[in-house]
Amino acid sequence: MLLGVNIDHIATVRNARGTTYPSPVEAALVAETHGADLITMHLREDRRHIKDADVFAVKNAIRTRLNLEMALTEEMLENALKVMPEDVCIVPEKRQEITTEGGLDVLAQQEKIAGFTKILTDAGIRVSLFIDADDRQIQAAYDVGAPVIELHTGAYADAHSHAEQMKQFERIQNGAHYASDLGLVVNAGHGLTIHNVTPIAQILAIRELNIGHSLIAQALFLGLPEAVRQMKEAMFRARLLP
């Protein structure tokens, strides 16, 4: 199983004081060295954390691959075609939200998403759609030609009871298997921590997890190398469990 380390909140800390540190590039390189299989960055329309220059700098520095999260806008499409990341993950975006609140509604935007997917695919960029574990959305993702989906794990991570968490887990597990049966590559992420990652990592249909906020928070106490190492180890151990 692959680990994508999201470095958005390295930029959040930097921007809080308007300094040049901590460096997203340095964070990306440290994460790679200690187990990250790819680097994920979300260039939001309001540029609240990652800036345009960060994306270019990280793309040019890393040895693994860049997964660029972006909204379904012409501006972001143009940016992606300039940066040429290995992967683009199209996500829903609202300016007022603190973080991404739900999955992309592919059903409501099939024509536009299909168009973006073709343009990016023709440019050699693999397209992923960040969606809820809903069979209708998964089918729509397949229909528009996206080869990859990322299942939104936020409801699982934010569940206030074990029963609710198990309900959300089963939804993700069923969605992952449904998507895999369609031939889609299945990733997952949002709200995952060292404490809740094990059940999700046990779902064999899921190929990759993208984890950011909790990992950067752990890095404040453990250091980024150890935070990445512990997360990768937790994922690895989960795959060994019966």
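Numbers run from 1 along the shown chain.
Glycine is no exception: its Cβ is also placed from the backbone N, Cα and C atoms.
For His42, Glu69, the entry in Swiss-Prot reads active site, proton acceptor, with the evidence type sequence analysis. For His190, the entry in Swiss-Prot reads active site, proton donor. The feature 3-amino-2-oxopropyl phosphate binding site is assigned by Swiss-Prot to Asn6, Arg17, Gly191, Gly212, His213, with sequence analysis given as support. Annotation comment: Swiss-Prot describes Asp8, His9, Arg44, His49, Thr99 as 1-deoxy-D-xylulose 5-phosphate binding site, evidence class sequence analysis. The feature site 'Transition state stabilizer' is assigned by Swiss-Prot to Glu150.
Here the features listed in Swiss-Prot are placed on the structure.
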{"residue": "Asn6", "record": "3-amino-2-oxopropyl phosphate binding site", "DSSP class": "strand"}
{"residue": "Arg17", "record": "3-amino-2-oxopropyl phosphate binding site", "DSSP class": "helix"}
{"residue": "His42", "record": "active site, proton acceptor", "DSSP class": "strand"}
{"residue": "His49", "record": "1-deoxy-D-xylulose 5-phosphate binding site", "DSSP class": "coil"}
{"residue": "Glu69", "record": "active site, proton acceptor", "DSSP class": "strand"}
{"residue": "Glu150", "record": "site 'Transition state stabilizer'", "DSSP class": "strand"}
{"residue": "Gly212", "record": "3-amino-2-oxopropyl phosphate binding site", "DSSP class": "coil"}
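Shown are the recorded positions His9, Arg17, His42, His190, His213; of these, the residue with the fewest other Cβ atoms within 10 Å is Arg17. Secondary structure at His190 (active site, proton donor), as computed by DSSP, is coil. Inclusion criterion for the binding-site residues Asn6, Asp8, Arg17: a C-alpha placed within 10 angstroms of the C-alpha of His42 (active site, proton acceptor); this criterion is met by Asn6, Asp8. Neighbour counts were taken at the CB atom with a 10 A radius for the binding-site residues Gly191, Gly212; the maximum falls on Gly212. Set side by side, the binding-site residues Arg44, His49 differ in how many other CB atoms lie within 10 angstroms of their CB, and the most is found at His49. The most densely surrounded of the recorded positions Asp8, Glu150 is Glu150 (count of other Cβ atoms within 10 A of its Cβ). A Cα-Cα distance of 8 Å separates Glu69 (active site, proton acceptor) from Arg44 (1-deoxy-D-xylulose 5-phosphate binding site).
Ranked by CA distance from His9 (1-deoxy-D-xylulose 5-phosphate binding site), the recorded positions Arg17, His190, Gly191, Gly212 have Gly212 at the top as the closest.
Counting every protein chain shown, 25 other Cβ atoms lie within 10 Å of the Cβ of Asn6 (3-amino-2-oxopropyl phosphate binding site). In this entry, 3-amino-2-oxopropyl phosphate is bound by Asn6, Arg17, Gly191, Gly212, His213, whose most widely separated C-alpha atoms sit 25 angstrom apart. Annotated pair Asp8 (1-deoxy-D-xylulose 5-phosphate binding site) and His213 (3-amino-2-oxopropyl phosphate binding site), C-alpha to C-alpha distance, rounded: 8 Å. Comparing Cα positions, Gly191 (3-amino-2-oxopropyl phosphate binding site) lies closest to Glu150 out of the recorded positions Arg44, His49, Glu150.
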